[in-house]
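Student: What follows is a single structure, and I will ask about it in a moment.
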Amino acid sequence: MKLNERGLLVVISGPSGVGKGTVRKALFNIDRHNLEYSVSMTTRSPRLGEQDGKDYYFVSKDEFENRIKEGKFLEYAEFVGNYYGTPLDKVEERLNVGKEVVLEIEVQGAMQVREKMPEAVFVFIAPPSRDALRERITGRATEPEKIINQRMDKADREFDVAHKYDYIVVNDTVENAADKIMAIIRAEHSKTKRTIHKYMKMLEVE
Ligand SMILES: Nc1nc2c(ncn2[C@@H]2O[C@H](COP(=O)(O)OP(=O)(O)O)[C@@H](O)[C@H]2O)c(=O)[nH]1
Ligand SMILES: Nc1ncnc2c1ncn2[C@@H]1O[C@H](COP(=O)(O)OP(=O)(O)O)[C@@H](O)[C@H]1O
């Protein structure tokens, strides 16, 4: 692999129900060829229509904890009673073939990635308002009210760390948000390439 062929790691976070999954799908419709979604592993139960290996790898708590011990996650975190983590091997493999790898993860995990891979780009998706967020998460009708309340509390704490991200994108319409994230990825990709190119020239590396 040539040094300048490595893809960009893109970390997307945002409160539950803000529209991360919806925006991500729209993003992949813009450029399916260069983007690759990192499928996470979780101990939460599948929602209706979710597929193992596509939406998540659904595993037991024991299996997840074994993988933690074996060091198989780039990052992992507990979120409202369940584990979620990013399998490391696949991310490395896809970055090395030049794909832009997209992680959709919560904020504690994102901060772990920043420690390990500071060259990644970090995007926080925000709702147009707190009321809009509650409407979206309620409208999706996948969680009971108690869990929705827990997720709204969690959202308030997540807003507090939004300033640690490189970009904040408001999900007003899905199309706008996806276009903005695509523009960020393209700009960051060119920036990284230019930096590597300059560095290699300095070292007189071919
Ligand atoms: N740290 C971490 N968070 C994850 C991972 N996969 C998903 N998440 C986050 O876990 C949270 C809950 O996800 P989920 O139960 O699917 O709910 P949803 O975001 O409301 O659809 C969201 O903030 C996800 O972005 C992962 O691999 N690592
Ligand atoms: N820009 C938007 N305007 C209105 N509703 C939206 C928008 N983006 C997403 N939604 C809706 O909000 C709900 C939550 O979206 P989802 O992608 O599941 O969120 P997340 O993955 O962040 O939990 C879904 O019902 C989705 O259709």
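Cβ atoms here come from the backbone N, Cα and C positions, even for glycine.
Note that TrEMBL annotation is computational and uncurated.
As the structure is a computational prediction, the values presented were derived from the model and not from experiment.
Copied straight from TrEMBL:
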BINDING   Gly14, Pro15, Ser16, Gly17, Val18, Gly19, Lys20, Gly21  ATP binding site
DOMAIN    7-186  domain 'Guanylate kinase-like'
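What's the neighbourhood like for each of these?
Tutor: Close to Pro15 (ATP binding site) in the fold, though at least 6 residues off in sequence, lie Ala126, Pro127, Leu133, Arg151, Lys154, Ala155, Glu158, Phe159, each with a CB less than 8 Å from its CB.
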Student: If H, G and I count as helix, E and B as strand, and all else as coil, what does DSSP give for Lys20 (ATP binding site)?
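Tutor: Where Lys20 (ATP binding site) sits, the three-state DSSP reduction gives helix.
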Student: Any idea which of the binding-site residues Gly17, Val18, Lys20, Gly21 has the thinnest Cβ neighbourhood at 10 Å?
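Tutor: Comparing Cβ neighbours within 10 Å for the binding-site residues Gly17, Val18, Lys20, Gly21, Gly21 has the fewest.
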Student: Counting every protein chain present, what is the number of Cβ atoms, excluding its own, within 10 Å of the Cβ of Gly14 (ATP binding site)?
Tutor: 27
Student: Which binding-site residues among Pro15, Ser16, Gly17, Gly19 have CB under 6 Å of ligand 2?
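Tutor: With ligand 2 as the reference and 6 Å as the Cβ limit, the list reads Ser16, Gly17, Gly19.
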Student: With every protein chain in view, how many other Cβ atoms are within 10 Å of the Cβ of Ser16 (ATP binding site)?
Tutor: 22
Student: Using the centroid of the Cβ atoms of Gly14, Pro15, Ser16, Gly17, Val18, Gly19, Lys20, Gly21 as reference, list every other same-chain residue with Cβ within 8 Å of it (recorded ATP site), in sequence order.
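Tutor: Going along the sequence, the neighbours come out as Ile125, Pro127, Leu133, Arg136, Ile137, Asn171.
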